[in-house]
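Engineer: The structure that follows is given in the form of structure tokens.
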Amino acid sequence: MAINIILLGPPGAGKGTQARRLIDERGLVQLSTGDMLREARSSGTEMGKRVAEVMDRGELVTDEIVIGLIREKLGQGGKGFIFDGFPRTLAQADALQALMAEMDQRIDAVIEMRVDDAALVSRISGRFTCGNCGEVYHDVTKPTKEPGKCDVCGSTDLRRRADDNEESLKTRLMEYYKKTSPLIGYYYVKGNLNPVDGLAEIDEVAAQVAKVMDKIPA
């Protein structure tokens, strides 16, 4: 049976880094809401046309549409899926739970990346990425070996997100805690919440995630 996990954590907690490792090491597929919407929009399918119409009107895509896209992805099979950025609310969590039951699947583990807010702001405000290959760097903890040049691909296209500044980060954290924090209690009650230390070294976080994954029944 496919393994389905949810990654929870505030912006910059390291969800993307750990998702990439799970993709590479365990063959899971990452289901990112943004990626699914962009893919659907360009697909030309009936669902894709609905997505395009909503986005072209500048409106938010409904939970019903997102669940429809997830249903399509789950129907394609595979070793399993990583839910990143969904669910964000209790209503979405309930809808996902119902979809899983309908498709005779389950959420095997919810991995919560726990972080200290002040440390998180420090971490993200120094972050930049390679626009070519996506490698992530940090001014203090992971600078490039050669200033202005990516260690991996050699590109000089190094970028900082416009909202990776202290004020914007505090706003994003407040939004996360207001909307998404209730999910922690939701999945705790269901018995599949697994906290990990999101501020540990990347390899240590990966080791904690691996322990969670290895406990999932085959």
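First residue shown is number 1, and so on along the chain.
Cβ coordinates come from backbone N, Cα and C, glycine included.
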Engineer: Can you pick which of ARG38, ARG127 Swiss-Prot lists for the same ATP site as GLY12, ALA13, GLY14, LYS15, GLY16, THR17, VAL136, TYR137, ALA200?
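Structural biologist: Record check against Swiss-Prot: ATP site with GLY12, ALA13, GLY14, LYS15, GLY16, THR17, VAL136, TYR137, ALA200, extra candidate from ARG38, ARG127 is ARG127.
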Engineer: For VAL61 (AMP binding site), which residues in the same chain are close in space, meaning a Cβ under 8 Å from its Cβ, but six or more apart along the sequence?
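Structural biologist: For VAL61 (AMP binding site), the qualifying residues are LEU37, VAL51, VAL54, MET55.
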Engineer: Given the binding-site residues GLY12, ARG127, CYS153, state which is nearest to ARG161 (AMP binding site) when distance is taken between Cα atoms.
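Structural biologist: Ranked by Cα distance from ARG161 (AMP binding site), first place goes to ARG127.
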Engineer: List, in sequence order, those binding-site residues among GLU59, PHE86, CYS130, CYS150 whose Cα sits within 10 Å of the Cα of TYR137 (ATP binding site).
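Structural biologist: The binding-site residues close to TYR137 (ATP binding site) (Cα within 10 Å), listed in sequence order, are CYS130, CYS150.
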Engineer: So of PHE86, TYR137, which of the binding-site residues has the fewest other Cβ atoms within 10 Å around its own Cβ?
Structural biologist: TYR137
